[in-house]
C-alpha cells in the first residue's frame, strides 16, 4: 500500500499554499499520499497586513508565525528551501536543498513587487513586499524623524513621505501612516504640521474597485489627516531625492526623505522560466485550476490567472481568492486520489474592505457598501477569519485582531 502512495508537492506557504496543505492534511491519510510543503522561509506571513508593519503600527513579528505550527507533522513534510526549477515532464522540482519528485504539484509561489520598468524605482524606493521590507521601511521612517529631531540644521525632507500608487495597498498604507505619524511626532517632539505625505497615482481614479461615494469617503478621511493626492500623475522615474513625475507633458521633481512604491505586484519570476504563456508571473488555468496539458499541476494564488467561465478577464490576486483556491485544490487532490474527476473552482465573493488606519475604512460586503468604523471593524473580522481558516481557534486567539 505504501508504494502506491502519491507524492503531493506544494510550493509556497502563502495564503493559497498553506490553505491547500492545512485542508489536505485533514482530508487524507498517510497511506493515501505523502505531502511535502516547500517554502523559502520557516514562517508564513499575513501579506494583507504588510501595510501595517511597513508603517510601524504593527510589529513585524505579529505578522508572521512558524509554518510548522499549523502542520500535522505525521502528515506533512516541511522543507525550508528556495525553488530554482520546475521540470513538468520529469515531474521534478529543483531547490537549493535538493530535488523533489511529485505525482501532483501545487504551484503557489506568491508575489513580488512589480515596478513596470520605471527607472530607479527598485533602487531608490521601498517596496511593500514581505516582512523584511516592512521592517526596513518602518525603521527608516522612524529614523528620519529621530534624525530631524536631533539635527541642528533641520531638513524638512526627513518629514516628507512619497507613496506611489493609490490602489488597495497604497491607500491602506496611507491610512496606517496617518495613525503612525502623530505617535512619531509626540515621541520626537516634532511639529505635525511639518510632516508631508503625498500620494502619486497615474490612473484618473484611486481605488478603482469601489464606487465614487466610497472613494470620496476615503479621500476626505485621508486628506483631513494630512495626505495630499496627485491623481492622473504618472511617475516616470525615482531617484535618491524622490519621484520624477510628468505634469502636462513636463517633468517635475518631487522631493522626500522616504519614497515608497505600492502600485503593483506580479507572480513569481520562476513562472516565466517554468511555463509558456506566462504574463507578469501569472498563467491562465483551466476551470479546475490545473494548466493545459498537465492535469496533475495546479497553479493558484498570485501565480494563477483564473478566468471564470463566461468572463473575459482573470480574477484579481487577493487573499480571499487564494484561500478559496487552496480549499478547492485540496478537495480536487482528494478526488484524484479517489480516482474521481476534478470539480471546477467557483469563487464566492464575500466582499472587500480597504482599511484607512485602525478606526476607519471603506468596502463592499455582500454587495452592500460600508464605510467608517463599521468598515474598520469588518476588516478586523476578515483578518482574524483568515488566520482562523488556516490555524484554527488557537492561532486566531494568538494572532487575530481582537
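From the backbone N, Cα and C atoms, a Cβ is placed for every residue, glycine too.
Note that the structure is a prediction, hence the values are computed from the model and not measured.
For the FAD site, Swiss-Prot gives 12, 13, 14, 15, 16, 39, 40, 83, 319, 320, 379; the one candidate out of 4, 74, 302, 367 that the record lists there too is 302.
Distances between the Cα of residue 172 (active site) and those of the binding-site residues 12, 302, 320 are shortest for 320. In this view, residue 172 (active site) is surrounded by 27 other Cβ atoms within 10 Å of its Cβ, with every protein chain counted. Within the group of binding-site residues (12, 14, 16, 40, 320), the Cβ with the highest number of other Cβ atoms inside 10 Å belongs to 16. Pairwise Cα distances among 12, 13, 14, 15, 16, 39, 40, 83, 302, 319, 320, 379, the recorded FAD-binding residues, top out at 33 Å.
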